[in-house]
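Residues annotated as signal peptide in Swiss-Prot, with sequence analysis given as evidence: 1-33. Look at Swiss-Prot and you will find 34-51, 63-83, 95-115, 118-138, 156-176, 199-219 tagged as transmembrane segment, backed by sequence analysis.
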Amino acid sequence: MRYLKFFLLLVFLVPSFGFSMHIMEGFLPPTHALIWYILSLPFFVIGLFTIRKTIKEKPNLKMLLAFVGAFTFVLSAMKIPSVTGSCSHPTGIGLGAIIFGPFTMTVIGTIVLLFQALLLAHGGLTTLGANTFSMAIVGSLVSYFIYKSLYKKNRNIAVFLAAFLGDLFTYVTTSFQLAVAFPDKTHGFIFSLAKFLSIFAITQVPLAIIEGLVTVVVIDLIYKYNKNELFEEGL
């Protein structure tokens, strides 16, 4: 497929920053880590059945599934240092959510996060449930429903907003998770949430805009060279 050339280009452009916005290994209290695993599990199980059904009924979509996974891995591995001393990155989740839906992307996103934890030390195994919930579940759901709500009016705008807002809501969810786990001792949860949100806002808003634009370009390329596959998914 011709869009594999685009993926290979991204691979060679990935920066190798050592920090990650994924919640790092051991950072969450054990109880919190377990709760996020439990909340993520139903979405993951449904996603497995969804992928199995998709491959069985439309085996020609296997390559597109693989490309979506590779795109997510590459884009979410781009760690950009923040002026606040933290790091941000795109999520890459919007593309797959638009094409295959949120449940399929829950599985793909979880696999991406697992490989990043094992191979790149981004995130961790104990925090995999929390990172899955924020990026692969919330990000996918937001992207999917934004696209479905707007695509009949203007497809490119729908794609942009889906990827843009899916990215932002991933970080809102991560900030919520951290604020719940570590409320401010004096001012409580709300103050802590505002603090975590402000840490990532400076770099994440521009990154979300870039991710939205990149996703529009990629969708256009897939439409250009593999329109039939997108039609099979109702796009």
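Backbone N, Cα and C define each Cβ position, glycine as well.
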Does the transmembrane segment (34-51) reach the transmembrane segment (118-138) with at least 3 CB pairs under 8 A, where each pair is 6 or more residues apart?
yes
Any residues 6+ beyond the ends of the transmembrane segment (95-115) with a Cβ under 8 Å from its own?
22, 40, 43-44, 46-48, 50-51, 54, 64-65, 68-69, 71-73, 76, 123, 125, 128, 131-132, 135-137, 139-141, 143-144, 147, 159, 162-163, 166, 215, 218-219, 222, 230, 233, 235
Sort out the residues at least 6 away from either end of the transmembrane segment (156-176), same chain, that have Cβ-Cβ distances under 8 Å to it, and list them.
21, 23, 88, 90-91, 93-95, 97-98, 130-131, 133-135, 138-140, 142-144, 146-147, 149-150, 193, 196-197, 199-200, 204-205, 207-209, 211-216, 219-220
